[in-house]
Amino acid sequence: MSFMRLYAHADCLVAGKYRINRRIGGGSFGDIYLGINIGNGEEVAVKVESIKARHPQLLYESRVYKMLQGGVGIPHIRWFGFERDHNILVMDLLGPSLEDLFNFCSRQFTIKTVLMLADQMLGRVEFIHCKCFIHRDIKPDNFLMGIGRHCNKLYMIDFGLAKKYRDLRTRSHISYREDKNLTGTARYASINAHLGIEQSRRDDMESLGYVLMYFNRGSLPWQGLKAITKKQKYERISEKKMSTPVEVLCKGFPAEFAMYLNYCRGLTFEESPDYMYLRQLFRILFRTMSYQYDYTFDWTVLRQRKQHNESATLGAAAGAAPDRRSPSVQRRQPAPHPQPPPISDVKSVQDTKAKQVKGHQSGSQLKLKLTAIS
């Protein structure tokens, strides 16, 4: 029996207080459901995994989350436990992923948006590294925007592939090895990961560089390569990645992006990245280009434009009621937080453009696609 059917009855609650509303995402690892706290009406995300899963990871992921709790941009865990033959993780409900928002914006981000995202993404990666973990699956799907008053905060998710790179007690680094299978998503994997080398902090950083260039360019040169088997496809991606000079990959964009990637590729296995140097690299570029750090992302502009057009259409059809308050009262009204677009808007845009972007889509559409953005 499916998890949804198990909890369909009104009296069936997760952890005695979370009512399951509907399925909102999932894939081979399990499913994500929208849950409601019956005590206060708060919406949460409920991540579910069958005990029969081929590669169970939710218990491990919950332990990683527990060690990361309190970090900026790390979802808060409400409960983890085992019920009705399922491992269940209850956590913060978040907004759309950067992959969703990239598609919403017609797969084009401005340099301003990329730089504002880069600053937060670097902060998230630095935090998990300082907790002695590497993520090993850095990609747009694993970064989500918050909702409500946290709508401009970027969250990092999915720690099922995360690994300790340093012993918490002895502080000794994991050993260098060259016999590892590729872990993570091939599109954003580091060259060393393709070569079978044990991953460390440098690999997360290199993967982040590919994500930034993906946002800049709209796609990466090693996307869409054809092969008969997955192994052959990974080999083709690896060959293309290694044969594409950083300067070619970053051509037409500010030199700081090439500087970032060259720096990351030059790190040694145990070397600690200079996170502040890299953040300053992009912050100085941001100021040089005279941008304002106002949290006005590309999707914010698109959504505001859409709302304006809808208001204008309604006003023209029905005759807009004038604002009869005094000018001073009108000026005192607080400006609302610029929310990300509702997930329904994001999905409808994706469906409309599915044929246009086929071949550019991420190979994994299985991660948290969380809803409830007003």
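From the backbone N, Cα and C atoms, a Cβ is placed for every residue, glycine too.
Per TrEMBL, the feature domain 'Protein kinase' maps to 18-286. Per TrEMBL, ATP binding site is recorded for LYS47. The feature region 'Disordered' is assigned by TrEMBL to 312-374.
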Measure the Cβ-based neighbour count of LYS47 (ATP binding site), defined as the other Cβ atoms within 10 Å of its Cβ.
24
When the pLDDT values for the domain 'Protein kinase' (18-286) are averaged, what is the result?
96
